[in-house]
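J.: My questions will all concern the structure given below.
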Amino acid sequence: SSSAPLLFPLVSCDSSLPDETQVTLGCLARDFLPRPVTFSWKFKNSSSISSQNIYNFPEVFTGGKYMATSQVLLPSTAILQSTDDYITCHTKHTTGEKEKKVELQVTPELPPNVSIFVPPRNSFSGNHPRTSQLICQASGFSPRTIVMSWLQRGEPVQPSLVSTSAVEAEPKGSGPTTFRVISRLTITENEWLSQREFTCQALHKGLTFQKNVSSVCMGDDTSTGISVFLLPPTFANIFLTQSAQLTCLVTGLATYDSLDISWSRQNGEALQTHVNISESHPNSTFTAKGHASVCREEWESGEKFTCTVQHSDLPSPLKQSLSRPKDVANDPPSVFVLPPAQEQLKLRESASITCLVKDFSPPDVFVQWQHHGQPVDPKHYVTSNPTPEPQNPGLYFVHSILTVSEKDWSSGESFSCVVGHEALPLSVTEKAVDKTSGKPTLYNVSLVLSDTASTCY
């Protein structure tokens, strides 16, 4: 019995062909009997397409019926006039004639976005001359044909200094397919530091898109990226060591070879400064800290201390000063120690003892747990950050929860919450609790200070 062909359009899976001057379309006829089937093609305006551009393939017998394909290769300018352009596939068969529109998904013309990534100072390496790379990326463009080139001071660079990747399709969302390419230019450290101008050019659809860059663009104060932050001593540091540690934090360093951090007193006298430098961060910058210590009495007197940062990337030294804040409200904390809940003890697993520290100002406070007069490992307790009191935002509270075994608590072991704050008469208070008393007991604070206090000279 006879069977009419079913027609299906064939288009390229790639919305932008390697040779964008040519367009290939096809037509599939399947499930027909008997053979043969004859193909012909017409433009949208019904004029015939020359047989020189048509390639017909032999029928294939499969599943008891035949299928055949026809392909047409045309200059893109012949049909790419608008987004709704198409050509028509015609077939003749003993069962009659059929036709099928074959539409081309027209590749949109999108210009490239050109960006240049400059090398960080510490990226230059190798023997003399030390070299690094400028990286130019053209992205978001379509169609895919693009030509990348570099200029130095307006003149083309040597081709051997340039490496350009293959054009790649970008991850496709709901929009059209776009492309990306990366071009790298090898430069010497001297070329970069001499403030020469480099230009990356992208030639796309007859238009040139470019970006210029030089080290002079990076040389002003706001572009060095170097920032200085002063960290005052914590009460815990002052309480435990009877000295105040001053910290000068420097961020955004491209290199640290020329870095100098120094602390000085109000009268200009230099303080011994210890500098620690971090490992390189993911953005290829470094962080440094400059530490100096002064006596507790000197810090509490309100004396001003100054940190000075010098670096080859800075046009002039950066200076910032730090002193103990004046006219700060001093309110000593109230301390409450709460025994574990009975519901928790019934589980016979662990016991949570809570130390509630309330109504204090300023917010810097020190909380430590002790057992048999010795500090408990901090991994066994957690202390919250100071939080404003809901009914009095000028005052703060924290809570610290110590977790011990149910066995230790039930055996009558005593645990102490030690709280340090500058508004307390002796800077510290201690309250203990155990199963027997079931309520906190105030201890002599001198016992706590005897092992931790030190003398500042």
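Heads up, the Cβ atoms here are built off N, Cα and C, so glycines get one too.
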J.: Please work out, from what Swiss-Prot records, which of Cys13, Cys89 forms the disulfide with Cys27.
T.: Cys89
J.: Could you identify, going by Swiss-Prot, the member of Cys136, Cys307, Cys355, Cys417 that forms a disulphide bond with Cys248?
T.: Cys307
J.: Mind checking which of Cys355, Cys456 has the disulfide with Cys417 in Swiss-Prot?
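T.: Cross-referencing Swiss-Prot, the cysteine bonded to Cys417 turns out to be Cys355.
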J.: In Swiss-Prot, Cys200 is paired in a disulfide bond with which of Cys136, Cys217?
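T.: Here Swiss-Prot pairs Cys200 in a disulfide with Cys136.
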J.: Quick one: mean pLDDT on the region 'CH4' (327-457)?
T.: 83
J.: State the three-class DSSP label for Asn283 (N-linked glycosylation site), counting H, G and I as helix, E and B as strand, and everything else as coil.
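T.: Once the DSSP labels are grouped into three classes, Asn283 (N-linked glycosylation site) ends up as coil.
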J.: Could you give me the DSSP helix, strand and coil counts for the region 'CH4' (327-457)?
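T.: With helix first, then strand, then coil, the region 'CH4' (327-457) has 16 helix, 60 strand, 55 coil.
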J.: For a quick check of understanding: among the glycosylation sites Asn45, Asn113, Asn212, Asn276, Asn283, which residue's Cβ has the most other Cβ atoms within 10 Å?
T.: Asn113
J.: Reduce the DSSP letter at Cys27 (disulfide bond) to three states and note it down.
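T.: In the DSSP reduction, Cys27 (disulfide bond) maps to strand.
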